[in-house]
């Protein structure tokens with residue numbers, strides 16, 4: 001087949017080139033002829049089966065050559081020693097309460113004589129080699145009757161959230177081992193109907209949650225969309241993060257982002273559920289949350305290791321998934337479960353960082369998307385799902401991905417795959433991994449790539465998600481971090497590597513049933529089922545496992561219970577390189593507005609209005625518009641619009657409000673310029689330092705005034721008897737080195753650790769761990785003695801407040817693989833230096849001649865009562881700044897929106913934003929989208945947006961659209977202009 005529009009690269013691991021051959025069967029189809037003939041609500045359903053693609057494979061047995069039959073989606077559930085006779089299953093929606101029955105309406109068959117059907121090897125686990133398991137003929141081969149007997153049966157009913165279902169099984173192959181007669185049913189028509197008896201596992205329904213409609217349509221042949229009235233229409237439902245107490249303070253950024261992108265997310269501390277935390281308590285809590293009014297709990301994320309939040313353990317089972325199995329007594333999840341397994345704050349932070357970056361920061365430049373890795377063992381065959389070997393199985397998946405649009409498929413198939421093959425694939429950039437083979441707690445069997453190799457991964461934020469079919473790769477109860485945990489915690493130079501999410505088993509997996517689950521996961525991912533489109537990792541994987549349970553019954557249930565999601569179950573998956581969305585929104589809204597309309601050129605995108613991690617409304621884009629209903633707005637001065645879409649760049653915009661005047665003055669004159677590979681931001685400080693420790697409002701004759709009360713006119717540092725020490729550096733040597741300030745309050749280290757006659761603090765890299773012990777204070781606060789320290793100031797600013805007094809101090813300058821220097825020129829080491837109360841000592845490191853040195857600036861009233869926060873494209877990149885300059889490294893090649901916000905003790909200012917556009921792209925940065933004139937005492941602002949004029953106390957004096965005119969009384973004023981969601985602030989003086 002030729003495709004002139006797309007080139008697909010198929011790469012083979014080098015170990016497979018040459019010498020490899022295997023028998024290639026005709027690829028099996030995946031669309032058996034099973035169709036719905038009639039459905040009258042849940043009372044009567046008629047279904048017809050027609051045989052499709054029946055094949056026979058010859059195998060050697062103790063009785064000679066025998067036949068193993070296979071057909072499309074047929075599954076061998078025969079016990080060991082019984083004839084191998086695949087069945088096929090389909091799920092139906094049935095009555096909520098009644099017992100159901102199945103009757104054969106009609107059938108057609110043919111018979112083959114003198115056929116020896118091979119005995120089943122039973123359920124084979126993936127820690128076994130199928131070839132080494134012998135064929136054993138059981139007692140059934142001496143019985144003169146047809147097996148399995150009935151050609152149509154019903155399983156016990158199950159409940160999937162709001163629908164009761166039941167599986168009808170077709171057994172079209174019937175075999176008499178004594179007469180060696182194989183009866184092949186080419187067509188079977190059945191009727192499934194309700195009886196007058198009450199059935200098992202009944203459903204007491206309160207209503208349906210519309211977010212699962214697609215799942216029902218895919219799961220149940222006879223499901224009728226909209227036959228139930230949803231209680232509440234919610235696009236994404238709700239997520240609860242259950243977090244161990246020790247990580248409660250570390251989860252905020254994750255929760256804020258989830259709310260910002262439109263998923264209502266709440267936090268529950270595990271120890272507040274029960275102390276000690278038990279699996280039963282977690283299970284009961286999730287059930288209670290699910291049963292709350294609205295019926296919208298969709299995701300639960302567990303944060304902590306097994307010892308923090310235990311898995312549910314029963315004989316042969318270690319399960320997180322059972323926490324999501326709530327309604328009925330079956331193994332179908334109503335809630336998607338995931339886990340950030342962590343043993344330290346660092347473990348947790350990297351999982352949070354990778355998840356947020358994946359959803360928020362991926363751009364059209366991320367060309368690694370659309371590239372996939374398929375890994376397979378050299379085993380499997382007739383007893384596996386669809387009769388496929390692992391290699392055949394992965395080839396089916398590879399073909400599916402190629403048809404969907406993946407541009408590169410790397411195939412690593414045994415024999416001979418090495419860890420380097422896998423490392424190279426990861427480091428080259430891939431977005432999806434499918435693994436089918438053997439496994440251990442710490443490695444993949446094929447390639448032997450394991451936890452010891454993870455440190456060699458350098459795929460920083462180019463993270464695939466993984467569908468993993470293997471034994472115990474996800475056993476997080478193991479004595480050391482398991483394979484899945486290692487991939488989720490992996491870092492290189494502080495940046496996430498490894499994977500963004502992985503589904504892996506806590507126990508030994510069966511050979512065949514997970515293959516069916518993996519097939520379905522990839523089919524859902526590639527949108528093969530229009531009635532079951534899923535965009536989250538939890539949705540894709542769980543729905544894939546539903547197909548496994550439907551076909552493999554009890555074994556499928558066991559596999560589902562133990563197939564664990566490591567990562568965020570609500571993760572919005574990406575498959576191909578994203579494209580941009582065109583989004584427009586009002587520059588300003590009223591706090592009293594009931595809704596806001598957002599235009600977007602991608603239907604299905606989710607648009608959300610939020611502020612500081614609180615969601616005020618969310619809607620899906622339909623016909624180019626999302627109408628967001630707003631609730632909960634109070635006095636927010638700015639709002640954030642976030643729009644996410646499948647395989648789209650995330651769009652984040654600022655929307656201003658016309659609420660009460662903000663007493664917290666913003667920065668002004670924000671600029672963005674290029675210095676090498678850096679974008680340098682500069683701005684002017686707020687006009688008045690708002691010292692607002694008390695912020696009250698009172699009404700006088702109907703005029704609302706804002707009163708700012710200061711505790712004292714004296715600077716805080718002076719009152720507390722402290723001095724502020726600030727260290728600032730910006731890649732002085734351009735080699736990754738930095739600086740540390742060491743402060744000795746006993747002032748007895750000059751001539752000891754601090755040499756009096758040299759600028760070498762330590763002569764080599766064998767640095768004692770306690771070298772800095774005599775120094776009571778350091779900048780940064782956790783400075784460590786090393787030639788390559790973890791904590792130093794390389795590109796940025798840090799400060800510490802110290803009691804005023806006499807100190808010895810030095811500025812350490814570590815050099816990798818050499819020594820620890822003391823910086824050269826200026827006050828870089830001092831004996832008995834007096835730091836005065838109420839003053840700020842700012843050490844700015846610079847290149848001076850052929851060496852380095854510092855400029856020391858001493859100012860009164862150190863410890864400003866506000867700091868600056870910098871945002872890039874809506875994402876916070878730096879906070880706690882005290883300087884009016886910030887350098888963003890490595891960002892000069894692309895356009896960005898930068899915003900600066902002033903954070904005061906009691907509130908924050910409006911953001912002021914500027915567009916940075918690289919040289920040669922467009923010279924528009926100097927063009928302000930407004931004009932500002934002062935004639936006499938008349939201020940005139942003209943723009944295509946909103947304009948506001950404030951006095952220096954923060955009172956708004958005039959506001960309007962397009963043109964605002966105000967007659968001033970003399971003095972200083974601030975003008976804010978908002979155009980296309982971006983804010984511009986200027987100060988001016990009127991004489």
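Note: Cβ is positioned from N, Cα and C throughout, glycine not excepted.
It should be emphasised that the depicted structure is a prediction, and the values quoted were computed from it without experimental measurement.
Residues or ranges marked as signal peptide by Swiss-Prot: 1-24. The feature Ca(2+) 1 binding site is assigned by Swiss-Prot to 305, 476, 485. Taken from Swiss-Prot, the feature Ca(2+) 2 binding site applies to 327, 330, 332, 334. Swiss-Prot lists 388, 393, 519 with the feature Ca(2+) 3 binding site. Annotation comment: Swiss-Prot describes 438 as active site, proton donor, evidence class similarity to another entry. What Swiss-Prot records for 471 is active site, nucleophile, and it gives similarity to another entry as the kind of evidence. The annotation Ca(2+) 4 binding site is assigned in Swiss-Prot to 520, 523, 529 on the grounds of similarity to another entry.
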Point to revise | Nonlocal residues around residue 529 (Ca(2+) 4 binding site), in sequence order (Cβ under 8 Å, 6 or more apart) | key: 218, 523
Exercise for review: Would you pick out, from the recorded positions 393, 438, the residue whose Cβ has the largest number of other Cβ atoms within 10 Å?
Suggested key: 393
Point to revise | For residue 485 (Ca(2+) 1 binding site), the one of 330, 388, 471, 520 that lies nearest, given that the recorded positions are compared by Cα | key: 471
Practice item. Name the secondary structure element type, per DSSP in three states, that contains residue 523 (Ca(2+) 4 binding site). Key: helix
Review point. Expressed to the nearest Å, what is the distance separating residue 519 (Ca(2+) 3 binding site) and residue 438 (active site, proton donor) at their Cα atoms?
Key: 17
Revision key, fill the gap. As a whole number of Å, the Cα atom of residue 388 (Ca(2+) 3 binding site) is distant from the Cα atom of residue 520 (Ca(2+) 4 binding site) by 15
Exercise for review: Take the C-alpha atoms of residue 332 (Ca(2+) 2 binding site) and residue 520 (Ca(2+) 4 binding site) and report the distance between them in angstrom, rounded.
Suggested key: 16
Point to revise | Candidates 330, 388, 485, 519, 523: member of the binding-site residues with the richest Cβ shell (10 Å) | key: 485
Exercise for review: Starting from the Cβ centroid of 520, 523, 529, which together make up the recorded Ca(2+) 4 site, report each further residue of the same chain whose Cβ lies within 8 Å of that point, ordered by sequence.
Suggested key: 218, 519, 521, 522, 524, 528, 532, 543, 544, 547
Study note, to complete from the structure: Around the Cβ of residue 332 (Ca(2+) 2 binding site), other Cβ atoms within 10 Å, all chains included, total 25
Revision key, fill the gap. Among the binding-site residues 334, 520, the one whose Cβ has the most other Cβ atoms within 10 Å is 520
Revision key, fill the gap. Looking only at the binding-site residues 305, 393, 476, 520, residue 330 (Ca(2+) 2 binding site) has its closest CA neighbour at 520
